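So the structure is just underneath, and the comments pick up after that.
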Amino acid sequence: MAKALLAAVVAVAAVLEHGLVGANFQDQCDITWEPQNAKMTEGGNHLTLSLVSNSSGCMLRTKKQFIYGSVSTRIQLVKGNSAGTVTTYYTSSIGDKHDEIDFEFLGNSTGLPYTFHTNVFADGVGSREMQFRPWFDPTDGYHNYTIFWNPCMIVWFVDSIPIRVFRNHEKEGVPFPTKRPMYAFSSIWAAEDWATQGGRVKTDWTKAPFVAEYRDIGLDVCECPGSSSSSSTSSGPGTGDTEDPSCAQRCATSDHWYAAAGLCKLSDKQLRQMKAVQLGYTIYDYCADAKAKGRAVPPECSMPQY
């Protein structure tokens, strides 16, 4: 039994390391905003989302709602002058006090690097941003982005390298998403008032449409069929109670692959990779910012995250 468990943990770690891809956008997802700006080809394995104007972007949402698991896709970000554009890949519940785990990719002028923006909301409380410069050109080919979420922690992976961990310190009073089913979303939208250099650089609309390309989507999750918000047509946070206690309880049990004991922390290799990224490429950390500006420091900043 011990050998079987060890083999399962090793296999799961290998899957996480390489990302979970291969599912089909056409079968797994709906276009919930501006469907005329989305295009699926190759039988639904290839997707483009286009930003056409200041008010006309595009959004995709998975059909499944879930609590815990891994969601993954490969993205080629907008080429050239992408200033003022935001491309996203994230998970979110629907309703008041929503939960959300974000990857947002903030565009820039031609030749300047993107900003990778990460955040987590729990019980409607966010403002836990960390931002990074990529160590590669995210517009040159496809790169894998994975969100791993289990009862212990949330991990953001880029090309199988963990860039950030947010650990569950709910027992110490720090909100952590545990009870609201989420969808996975992808979108592109205009945010020239803040996205690029604090809004100083505006979008050059003569370059529109701005196109982000996606390949494959991996959903290895604990599904919550029939959840209270499943029938909602909203594409983002709205009104209503979206907690699903029965699904939350079922998905938190230890018999799920993501709840294996070995997945409550990073491997030694992953920890080294993450520390190297954070040392060399972090450009904003909400904990460091609060300390530097003399503001109240969130309690989790003094708690272990990995």
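Keep in mind that glycine also has a Cβ here, set from the backbone N, Cα and C atoms.
Quantities reported herein were computed from a predicted structural model and do not represent experimental measurements.
Taken from TrEMBL, the feature active site, nucleophile applies to GLU100. Taken from TrEMBL, the feature active site, proton donor applies to GLU104. Marked as domain 'GH16' by TrEMBL: 1-214. What TrEMBL records for ASN108 is N-linked glycosylation site. Taken from TrEMBL, the feature signal peptide covers 1-22.
Geometry remark: GLU100 (active site, nucleophile) versus the residue listed as 'N-linked glycosylation site', CA distance 25 Å. Mean pLDDT across the domain 'GH16' (1-214) comes to 90 in this model. Taking all protein chains in view, 20 other C-beta atoms sit within 10 angstroms of the C-beta of GLU104 (active site, proton donor).
Around the Cβ of ASN108 (N-linked glycosylation site), 19 further Cβ atoms fall within 10 Å across all displayed protein chains.
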